[in-house]
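So that you can see what the record holds, here are the features copied from TrEMBL:
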SIGNAL    1-38  signal peptide
DOMAIN    72-254  domain 'Aminopeptidase N-like N-terminal'
DOMAIN    289-493  domain 'Peptidase M1 membrane alanine aminopeptidase'
BINDING   His361, His365, Glu384  Zn(2+) binding site
ACT_SITE  Glu362  active site, proton acceptor
SITE      Tyr446  site 'Transition state stabilizer'
DOMAIN    610-930  domain 'ERAP1-like C-terminal'
Amino acid sequence: MISAEAACRRRSGPASVVTMLVAPLLLVLFVPFSPSSGAQLPNQAKAKDLPIATNGQPFPWDRMRLPTTVTPLHYDLAIHPNLTTLDFTGVVRIELDVHEDTNTVILHAKQMQISDVFLLAPEGIKRLKVLEYPRFHQLALLSDSVLIKGRKYEVHLAFAANLSDSFHGFYKGSYRTSSGEVRVLASTQFEATFARGAFPCFDEPAFKANFTIRIIREPRHIAISNMPMVKTVELPGGLLEDHFDTTVKMSTYLVAYIVSDFKSVSKTTQHGVKISIYAVPEKIDQTAFALDAAVKLLDFYDDYFDIPYPLPKQDLAAIPDFQSGAMENWGLTTYRETGLLFDPEKSSASDKLGITKVIAHELAHQWFGNLVTMEWWNDLWLNEGFAKFMEFVSLDITYPELHVDDFFLAKCFEAMEVDSLSSSHPVSTPVENPTQIQEMFDDVSYDKGACILNMLRDFLTPEAFEIGIVRYLKRYSYQNTVNSHLWESLTNICSSHDLDEGRLKHTEFCSKRKTQSGASKWYSGDELDVRAIMDTWTLQEGFPLVTVEVRGREVRLSQERYLKTDDPSPSEGFLWQIPLTYKTSASNTVHRFLLKTKTDFLFLPEEVDWVKFNVDMSGYYMVHYAGEGWNSIIKLLQHSHTALSGNDRANLIHNVFQLVSIEKVRLDTALELSLYLSRETKIMAVTQGFGELVPLYKLMEKRDMKVLENQMKSYIVDLFQDLIDQQEWNDSGSVSQRVLRSYLLLFSCVRNYAPCVTKATQLFNQWKDSDGTMSLPVDITMAVFVIGARTPEGWDFLFEKYRHSLQMSVKSRMKTAMAVSPLQDKLKWMMEQSLIGEIMKTQDLPDVVVSVSKNPHGYQLAWDFLRANWHTMIKKFDLGSSTISYLVTGVTNQYSTREMLDEVRSFFGSLTEETGSEMRCIQQAYETIEDNIRWMDKNLPLLQAWLDKRNRRVSHEDL
């Protein structure tokens, strides 16, 4: 037995079952290890330069990435979790393919005890020596004879470990029944580098293999995994062993298994795939919506990708303890309960939208990510950008009533927020260690990835884009890819070779395209170099700012990197190939122009009153309208804002305020543009207006400047007062109208708009008097709960209902309302309880802490809590994870004083690399605070002057 990186106690009692299964083999295998004189370690002559294993000997591999001399073909995995002692044992046999002669097998294992390690070779069974290098989570298996190139071998390892206390690897979870009983389960989360904590394996995405899994459990539990169960065997001691069918060829991070007491409901798709939703027994009645959505979406993808879903079943499991939103394990996707459970009586329109999107995302991964997988984590965006993009493509067709297009721009705005900092990274960027890999799961990989794919789809046409991505999936099924494979598949889509292997839609498109004229196309013939264009978007960080200046019929164009910094040097040397779109006052036609150089110009057919570039924000770039450009747009919005689409208006609001940050536009120009919002009704433009204006007073809340802060708050309420007054306190209207209603009523109550506070107070008191049995319209509950949580009595009542509710969406709204209460003792208690994880789930801790940090009564509490509990949280949520990034940036991004910057720098500067000092999110926090300081120094006098002038103007009009 070899001691692992962290000592894990061996189990007693039932643990012996796994040993019993392999005991006959062990009797034969027990052969002492005695290296022959010919056995050589790689680089043995340079042993002094090699890492040192835990036993003091040289470890024969010195790189983070595994060698490719040996690759896995098949894993036979038997695992036995004990949900009483909270540990597990297992045995894995790995069939190997040898590509070069070697006597060393390097693979991964993390924080587990390894024992009984043997080689099954053509010439017999041999014991292997094991060396361990915990820093890289690596094991070296040393053979006394050479493994010969071209031959197949098997290695056998027994292992034992504790179920993880975090949310990754093979980890323990629990839930409380309505009667107060705590029940335990065990589930997996292996992406990106956590399969190695559950069983020894080659834990890199390119090492694809087949997996045959057996799970030992008690009769009171069930086990589910990637594949259907083929049989259950009774074992001595009353235990059962479930045998699952062998998987398709896949990466380790997609392996999944759950041992629990879940119940399930099932349906079958039109293509014959069995869909099942698993949840805790008392919540199984909240699964109907997700089941129908999964059936509809899997059928859609089956047809859209023209590749049958390759497994006989697809399970969707709602996990009570889950860190991320969901995970695409092949055949067993896992979700937070809020991401899967829907109660038609209690869930909101935004809940329905969110659940449908997350299911669409994970099922898209069954093709993008699972069937075709990025070769290494540097190209994670090939998985996540595509899945994020396909959420919107699939729902636009399958659920048109959700109007997902109303919400896509928000993803691009969020990506730009991160991508405008010098600490951003290219979509495809080198990564090596687990922390760096975890950091790739960010807005750049997901949201920027989706936005540049949307731009490319608009550029190529949706038909050509679909043909290209289907070709990509078919070419590389069960393989690993890099960026260039995608660009090649999207190039020359009408070549004769592909027409022969294509489908009817492909043939019709290419035939039609041959007959079309070349007018208003981006390019001529098939000479388009997709790779040359898209490399400028994926291999360099940031995004372009296009400056447009109209002089008569001439439009002068220039591009530069948009960057929020005092130092111009990081923006030098950047050049993009930008698919520009524009429309003018003279025509509704969308014109197109590919800007490939630093400067260029184009000519309009006639002089125009205005020109709008980046039509509907189909492109991932900002636009500055130089000269009189912004004035002409402000005039248009003030007199005829509906001449532009809602997305165009949202795009203009975003761009003009972001340009204030880099001093391209004066703040008063942006504020003059915002005046038109008093007539705005479209959700994307309204929410973007809030998104640009609200942060201005949120910065002031962290300073002592109440007069200006209240002036700004009053301006925003006045601006949207008519729209707020139009809102009915019910659940009527489209999804977009209902989401907007929730947003507006919540804002107006938080801002103490009297009619809202009066109505919400009345409803909360009625609801409280009924002991929570009165049915409130779902879309207005956030506003009602927020007002109710302002008093100790109301907060306590809300918390009691939170504790006992089984509706996850209701609990989520209650949790948020409690976190924005002015009651500081309650805020501090909430954070503490979320960390403990008994009354409030620890998975919700990041949301609670960030919500408290946005609260003017709680931001100092949240910062103190983050510092005091930093080491606990990085252990629980993992260094580099999007959760830690969200905590760091969420708590600090509204600071705007040098004192707070010094405090933030002092804390994070005291960390070591092992505790997070090198994380990108810390640099992002510094940059954001510095940008806030610059903005306040530059613009506070302008803001004060503009608001004073407006108040005088309004007062004069009232007279």
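Any Cβ shown, glycine's included, is placed from N, Cα and C.
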Length of the line joining the Cα atoms of Glu362 (active site, proton acceptor) and Glu384 (Zn(2+) binding site), in Å: 10
Distant-in-sequence Cβ neighbours of His361 (Zn(2+) binding site), under 8 Å, six or more positions away: Ala326, Glu328, Ala387, Lys388, Met390, Glu391
Cβ-Cβ distance under 8 Å to Glu384 (Zn(2+) binding site), same chain, at least six residues away: Gly369, Phe441, Ser445, Tyr446, Gly449
Neighbour tally for Tyr446 (site 'Transition state stabilizer'), based on other Cβ positions within 10 Å of its Cβ: 25
Integer average pLDDT (0 to 100) for the domain 'Aminopeptidase N-like N-terminal' (72-254): 97
Long-range Cβ environment of His365 (Zn(2+) binding site), under 8 Å and at least 6 residues apart: Glu328, Thr333, Asn383, Ala387
Residues close to Zn(2+) site centre defined by His361, His365, Glu384, Cβ within 8 Å: Glu328, Glu362, Ala364, Phe368, Gly369, Asn383, Phe386, Ala387, Lys388, Met390, Glu391, Tyr446
